[in-house]
Amino acid sequence: MTASDHRHELYTVDQVRALDRRAIDALGIPGYELMQRAAAAALVCLRQHWPRARRIAVYCGPGNNGGDGFLLAALAHEAGLHADVIALGESQGDDAVRARREFELGGGTVHPWQGSGELPLADVQVDGLFGTGLRRALAPDVAQLVRQMQARGAPILALDVPSGVNADTGEVPGESVQADVTVTFIAAKRGLYTAQAPGYAGQLQLEPLGLPESLWHGCRADAELLRVQTLAPRPRQVHKGNNGHVLAIGGDHGTAGAIRLCGEAALRGGAGLVSVATRSEHLVALNSARPELMAHEVNGPQALAPLLERATVLALGPGLGQGAWGHALWLTALESGLPLVLDADGLNLLAREPRQLTGRAVLTPHPGEAARLLGCDTAKIGADRFAAARELARRYGAIVVLKGAGSLVAEPEGRVAVCPWGNPGMASGGMGDLLTGIIAALLAQGCEAWQAACLGVGLHARAGDLAARKGGERGLLASDLLEPLRLLLNGKGA
Ligand SMILES: NC(=O)C1=CN([C@@H]2O[C@H](COP(=O)(O)OP(=O)(O)OC[C@H]3O[C@@H](n4cnc5c(N)ncnc54)[C@H](O)[C@@H]3O)[C@@H](O)[C@H]2O)[C@@H](O)CC1
Ligand SMILES: [K+]
């Protein structure tokens, strides 16, 4: 194993700081040398991305992130680039002070930021304002500097973390640098992959700074990044009974679309059979649009019972409503004890009548539903998605998919995976119904709940990316994902 094998591991800021300390104390690599390595790696990254850059502007904050910036400027100057440095106040800490002096001794001039003024012309701007040490929203004068950098229009390389992003949670409490590329050092910070951070980090590049494998011994990552996965090819002799029978329950008056998308996704996700339990008015439309779906009129729990006997997995909630009909079906379905995916009104009803779920169960809340399930407001969910997903999984005894940019999958024992795929085109109606159907299909084919949730979230997001590559993000429809989903599920199209 080498340090680069850790690139799917995600760490909290405290863990990254502990790794830094360990490199210094246990491995005897001075902090200043780490800073030199970070600056050298960042300059290589800059030249890879912008080989024609001749003038750079480096913005340095008071801490070690600024130290990285000063050393990068010094190296760039030595390499014959023109490097302007703009500093926010005095440097603090021995390493940052020494880095600043090194730049000045090499002939560089530091321009203090006075709260206003023109910024230098540059082919590339380097953000060394704040890294993992950011503790609060940027102050108004720093926010002003960031807005001016952004208005300059030159591409931005962020050192370690885009300044303004909380590297632990992905939250952006005020203004933040919006980077084109973020080169992050030593270990991947978990917050860069979720919440608001993906909109600010641009392309993420991890530089482990040549640290030895022993650095990671005994340090368990807080979370992991999902990897590209698919299912093994089917044995030649299977029949449809081997691939499970999904029963999708929902589609109250006026919401046929949700349950149809869910059912179609279960079919495209490879379930052997898919039945739909819904209102009678939807039957004709469902049968004619997708004859492979077996649509059944269900007026109440009695009509549901025989369908539950034949099903192996439930997709419970899309368009279910929270009225008497939906509630009665919800209760009966939960009492069946079948493995299930619970979404939409299935989750809202759970928030109203909380209970521990048993067996293989996956909950797929968006932040609003998550807030209802935890009895808090949506802002609290966004402030720490890792904590929210873990608490949901623990409280309800289920695997939880917390949707939104950088979807999280959490299990009750605390394991968390983060999805690095997906795009803003997927913020449209029906995408959640699709995810529910996909995960149900994977459960039906024998996946454990954790595996079904991780694989389903990954396939859904990658199908969204594939569909967006073809036709763009705006106007992307949930049903556009069905065909790419099938390709990816069969290991094609990536
Ligand atoms: N040995 C190490 O620890 C290494 C650290 N490195 C760099 O050092 C960074 C961490 O350095 P630091 O811990 O010094 O932290 P930062 O440089 O991120 O920021 C800390 C400074 O910012 C101030 N501050 C925090 N939030 C603020 C806000 N909203 N407005 C104004 N001031 C604010 C703090 O009071 C402190 O002075 C990493 O992100 C990385 O770039 C790298 O050089 C690699 C090695
Ligand atoms: K930064």
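Going from the start of the chain as shown, residues are counted 1 onward.
Backbone N, Cα and C define each Cβ position, glycine as well.
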Same-site residue for K(+) (record: TrEMBL; known: N65, S163; options: D25, D95, D123, D127): D127
TrEMBL annotation, AMP site containing K403, G404, A405, G406, S407 - matching residue among G425, G429, G430, G432: G432
N65 (K(+) binding site) as reference: those binding-site residues from T132, R135, D160, K403, A405, G432 with C-alpha within 10 Å of it: T132, D160
In sequence order, those binding-site residues of N65, R135, S163 whose CB lies under 6 Å from ligand 1: N65, R135
Top Cα neighbour of S407 (AMP binding site) in the set of binding-site residues N64, R135, D160: D160
Binding-site residues near ligand 2 among N65, D127, T132, S163, A405 (Cβ under 6 Å): N65, D127, S163
Cβ within 8 Å of the mean position of the Cβ atoms of N65, D127, S163: remaining residues of the chain near K(+): Y59, G61, G66, G69, G128, L129, F130, G131, A158, L159, D160, V161, P162, V177
Length of the line joining the Cα atoms of G67 ((6S)-NADPHX binding site) and S163 (K(+) binding site), in Å: 14
Three-state secondary structure, which DSSP defines for D127 (K(+) binding site): strand
